[in-house]
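Asker: Input: one structure, supplied below.
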Amino acid sequence: MRSSLFLFLFFISAAAYSQVITINRNLPYLSLGKSISYFIDTDGRLTIDQVAEKGKRGEFLRSSADILNFGNSSATFWIKVSYRNQTRHKAYLVLDVSSIESIDFYSHNNSGSFTRVHTGSLAPENPELIAANNYIFTLPDYDHDAVPQDVYLKLKTDNILLVPLKMSVSERLVEGLNSTERVESIYIGILTALFFFNLFVFIRSKDKAYFYYSVYILSLFIYMVCYFRGYSYYLGYDFRIFVNTYPYLFLGLGSVAGIAFSRSFLNLKILLPQSKQLIRLLIGCWIFTMILCLLGYKSYCSILVQMLTATSSLVIWLLGVVVYYRGYKPALYYVIAWAFVCLTSVWVVLSLSNVFTYSEVSFRFAPLGFIFELLLLSLAMGDRLKDLTTAKLVIQSEKMRIQEENLYLISTQNERLEKIVESRTKSLRKMVKSLEEANADKSRLFSIIAHDLRSPFNSLISLYALNDLDLLSLEEVKMLLNDSRKSFDHIHNTLNNLLYWAQSQLKGISTAPSRFSMRVLTNDLMLVYQPLIKKKNMTTALVITDEEDVYADLNQISLVMRNLIDNAIKFTPLSGHIRLKIWGNQNFIYIDVSNPVAGVLDITQLAEGSDSEPSYGTSNERGVGLGLQLCRDFVEKNNGLLKASKEEGCVVLRFSLPKFSAGIIPAVNQ
């Protein structure tokens, strides 16, 4: 009777202070925060027995949320869970969070006392429980028809304390864990792929925006996946301890990288330079938070992080909106993507601050919002990559065009240089040839002055000296004067050639054309040369078929005829025949002077005028070497042409002059 009364009173008290969770196969794998109660130990000095006594007295408070949110507090929190296992299978209590530093699990043993299991994010590994990205405690075995049992959790953290508690049998537990891991493995794979893709793009493109974005993904991956969702245990015990000791180091690094990425992507330095100080302020606040985290002020960092996360997201998003409305079209994807960040950040911060009820949706919303943001930012980065590729192709095309132009300029410059070198080489050769000719002319002049002119003058001086001494009779003087006639004629012809040649070299050849008859000029000259012709016992013939007047410089043509007749007399053998012919066509008069020559004659040299060396006649008459060259120049200046040919053993020197009636304009003073 007493035992029945005791059981009745116990059930009444249990119903009053906590709800008993019935464990069976139909119990869903969901947070059971509304079915548990809690007690706040402000100074953290209560023992389990004291807490259990308070539970019996009904001092525990009922939870009104599926996930308990105790905020950022230095107090110790006691959680009481009452359950009844209606199955014959093992049941488990799951604390589905990994960031709580100190966790103590208390359950009754067979002797009626409490058994303690200690764990936590900074605690050593404990084989008495399953610690992965959550903590799974095995509930004591009791008869399924026994009275409800109580277990207690003692929780303390330097962070915001969230308590998502679940209870399940082994079958339901495996299903629930697998379902959660499948979802989380998807976004873990997405984050990993995004990180390596952007890192690879940075290595190839050297664009700093991709580097910042890669650091942003990696840092927030460590914070969200390894710390917030507790997957750091995959990387070893030491890494798990480091991540849980300095979680805000990675969040701060990711936030700084995100701000730097935003500044680079939005081109704020150029499009919005006044945002420079604001960007520096945000980066400075995050660096200050990272330093506090390294110094061990984790609780203060938690408060700063809540404010900075929402503030930074909102400010950066507003900067993107401003830049977009200023005409920067690539910012569209960024604004949409960062809107998810703002929405997620503000929602999570308000939920953690208990403005909104923190639920299972809030617990999953933060990672999913982060994933959506990264996916949309990847679209923006893809669009940027397309623009960069297009710009790179344009730059490469421009470089190739410039390179082709440079090659063309180099090739044309080489051609121009070759032409210039060739032209200058020709000029130098002409100059060298001219200098050689000038040097030869100088030598020839000195030779003429030294020999050809000095010898006849010496003969005259000797003749006059003998006459002054009265050593010669009148007959002897006449005889010597007649013998010296040839020397006088040679001196006269030589002086004429030298004077005209010197004038042509110094001032150029100038003409004063006039109308005259070649027949009259030729007859006059033949009378002058009759003594020389008779002395060499020669015969001459003058054939005239056209007596029209010519239009030329009389003095120059007279010099030409004197040289041609003189050469004919000089090179014709004794008793030879000299033939002169004047003939013409419609526009020109032609004058031929032909005579036989002794020995072999190089007609090519004579025709081209390439040899101007002095030569000796058949009676050893010495020439100046300038006659034929001077004749050719004079004839050309009078619009004619002088040619040399060989016909039937005779040399024919033929030159032409324009007729006066032809109306040909002469080259006067050229």
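Keep in mind that glycine also has a Cβ here, set from the backbone N, Cα and C atoms.
Heads up, TrEMBL stuff is auto-annotated, nobody curated it.
These figures come from a predicted structure and were not determined experimentally.
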Asker: Transmembrane segment per TrEMBL sits at which of 5-25, 362-382?
Answerer: 362-382
Asker: Between the transmembrane segment (332-350) and the stretches 186-203, 278-297, 303-325, work out which stretch tops the count of Cβ pairs under 8 Å.
Answerer: 303-325
Asker: Counting only residues 6+ away from its ends, which parts of the chain sit with a Cβ under 8 Å from the transmembrane segment (278-297)?
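Answerer: Contacts with the transmembrane segment (278-297): 246-249, 252-253, 255-256, 259-260, 263, 268, 304-305, 308, 311-312, 315-316, 319.
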